[in-house]
Amino acid sequence: MKDQYKVLYDPIKIGKLEIKNRYVLAPMGPGGMCNADGSFNKRGIEFYVERAKGGTGLIMTGVTMVENNIEKCALPSMPCPTINPLNFITTGNEMTERVHAYGAKIFLQLSAGFGRVSIPSIVGKVAVAPSKIPHRFLPGVTCRELTTEEVKEYVKAFGESAEIAKKAGFDGVEIHAVHEGYLLDQFAISFFNHRTDEYGGSLENRLRFACEVVQEIKKRCGQDFPVSLRYSIKSFIKDWCKGGLPDEEFEEKGRDIPEGIEAAKILVAAGYDALNGDVGSYDSWYWSHPPMYQKKGLYLPYNEILKKVVDVPIITAGRMEDPELSSDAILSGKTDMIALGRPLLADAEIPNKIFEDKYDKVRPCLSCQEGCMGRLQNFATVSCAVNPACGREKEYGLKKAEQIKKVLIVGGGVAGMEAARVAAIRGHKVTLIEKNGYLGGNIVPGGVPDFKDDDRALVKWYEGILKDLGVEIKLNVAASKENIKEFGADEVLLATGSSPRTLTIEGADKVYSAEDVLMERKNVGEKVIIIGGGLVGCETALWLKQQGKEVTIVEMQNDILQVGGPLCHANHDMLIDLIKFNKIDVKASSYISKKTDEGFVLNTNGEESIINADSAVVAIGYLSEKDLYSEVRFDIPNARLIGDANKVQNIMYAIWSAYEVAKNI
């Protein structure tokens, strides 16, 4: 381990509680981790214990509701201590005792709830808020204003929940949140809070709710019981449901930095022992849940400001897994602790691996949010695109095979590599053959843009892991019925992937696939048409625009990003906003019919116009490569399709399907 990284393992205190190192499991939505009575289930316990086992010093649970009457949530959705305190203490004790066995501490994150950003599938179409304001997700729905008495009930519920948490063995609590536009944050922001009672008006009044919460907890649990606060110094709200991009000039409608500084001082003076800082809101979700289009360490400039104005530890998340970045952030005084959320979904052992000088063995988070936020927004259990066992560690972990088999895998894309990894871990003798001279499949062209560097890192990780596991890899070997039969495998997995759909345009010769352009096999010129406004088309357009090209997207649907996915809201919204911000022209409900001497002919709802361009780049989806399977299916009955060869889907389902099949060989 580099000397610089040693600071990541220095102890630190939150209040009087000592944490063994600087790593924090960032609190994340606990989908699938609780019982109907608000207590923790086995999945939830195993999830948090696994991260403690991986070396994280402070475990923070996902959001836990303090009550379920004022803002009634469908159960089971989130834990809640006050529904059945006895069961909560029983299951909580099992969790905290096991977490403590690894030398970690654990905080329970307590929440007042969602308010105007309530998830309809959880709360329904009735929402509460500080004032009568529009709902974030339900057009035409106005939130009910909470009464003064209800606010005071919330404060008492926070105190009661913290007492229960302390009895369950939690070392402290985190308050959720003067952050991201949740209910407590809505009270703190004048854009949302129009009240005239003691909880509205001045900044001090708008923060009264959050201040009374920490004071109530300290009164019940003792002044030494640590309480941290999830806090956003800036909201990045342009308007209702509209966020501001990096480097974009706009009028902040939420909390801006000067008020954020004053608010932080007031909150710390009220008794908060640490600030878990970030920026953003549900109106600018791509700040709170940063996609791959955001810079790594995006919160550091803002938390550095907090560090200078308050005297409590500052915790920073935001794509911070690289030890070079995280250690420098601490040494340069920008933060005190490093919170990892999604990276610890991808690999629970990041702190241990860095300590053991094995950072190259860390499975990278892609910031795709397909397995975490993408699933939570669809009311599914939390997991990870690149780690299928995440959130179901015990029931879905890998075990040694009872019978060792000879396994042949055809294709070295992500499905093939994952199947090889899983089969080898289970003890099988694995050979992987790949027709190209490299591994990675479609992720290789997809990983070309700078903002997709973690895709490239995933391929590199697989290469290293497969080598460590002793998988025999044969590149530049095309599979055939003859050489598969000659190999004599007990199991054959065909991960032959998918190939881009093609398109012929009358009169045009410079029509290229997005793959050929990304791999720099073709020169597109200076003016480019992208045919297809799905994920590949939009990301290719953004990449070309960053090179100074003039880019037009032509899409048959009525908007871009309508087909495929589903994408997490944050990724979807940021990509659309980046397309607009970068002045990439979008022609929706349109198609290119032909090319003439004047240019490409655009047909929009029956009306024709001309687009002058040097070339057209086709990104209209992929087709499964099933030819080999069709050829061998009757002669080699133990051959099975996996990944895109079985069904074209996103990277998560390619990996998950490969894991499932290889797990059961």
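The first residue you see is number 1, and the count goes up from there.
Quick reminder: no glycine exception, Cβ is built from N, Cα and C everywhere.
Going by Swiss-Prot, these are the annotated features:
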ACT_SITE  TYR182  active site, proton donor
BINDING   GLN109, ARG230, ARG319, GLY341, ARG342  FMN binding site
BINDING   CYS365, CYS368, CYS372, CYS384  [4Fe-4S] cluster binding site
BINDING   ALA415, GLU434, ASN442, LYS452, ALA479  FAD binding site
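This view paints the features noted in Swiss-Prot onto the structure.
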residue	record	contacts (Cβ under 8 Å, 6+ apart)
GLN109	FMN binding site	PRO27, MET60, THR61, GLY62, VAL63, THR64, VAL173, GLU174, ILE175, HIS176, ARG230
TYR182	active site, proton donor	SER111, ALA112, GLY113, PHE114, GLY115, VAL117, HIS176
GLY341	FMN binding site	LEU25, ALA26, PRO27, MET28, ALA317
ARG342	FMN binding site	MET28, CYS365, SER367, GLN369, CYS372, CYS384
CYS368	[4Fe-4S] cluster binding site	PRO291, MET292, GLY374, ALA385, CYS568, ASN571, ASN650, ILE651, MET652
ALA415	FAD binding site	GLY441, ALA495, GLY497, ILE642, GLY643, ASP644, ALA645, ALA654, ILE655, SER657, ALA658
GLU434	FAD binding site	GLY411, GLY412, GLY416, ILE473, LYS474, LEU475, ASN476, VAL477
ASN442	FAD binding site	GLY413, GLY497, SER498, GLU515, TYR622, ASP644
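Within the group of binding-site residues (CYS384, ALA479), the Cβ with the highest number of other Cβ atoms inside 10 Å belongs to CYS384. The highest number of surrounding Cβ atoms within 10 Å, among the binding-site residues ARG230, ARG319, LYS452, is found at ARG230. A straight line from the CA of ALA479 (FAD binding site) to the CA of ARG319 (FMN binding site) spans 39 Å.
Spanning the residues ALA415, GLU434, ASN442, LYS452, ALA479 that the record associates with binding FAD, the maximal Cα-Cα distance equals 30 Å.
Cα of LYS452 (FAD binding site) to Cα of ARG319 (FMN binding site): a span of 13 Å. Excluding CYS365, CYS368, CYS372, CYS384, which define the [4Fe-4S] cluster site, the same chain contributes ARG342, LEU345, ALA346, LEU366, SER367, GLN369, GLU370, GLY371, ALA385, VAL386, ASN387 within 8 Å (Cβ to the Cβ centroid), listed in sequence order.
Comment: FMN site residues GLN109, ARG230, ARG319, GLY341, ARG342; largest CA to CA distance 21 Å, whole number. The DSSP secondary structure for ARG230 (FMN binding site) is strand. Taken residue by residue with DSSP, GLN109 (FMN binding site) is part of a strand.
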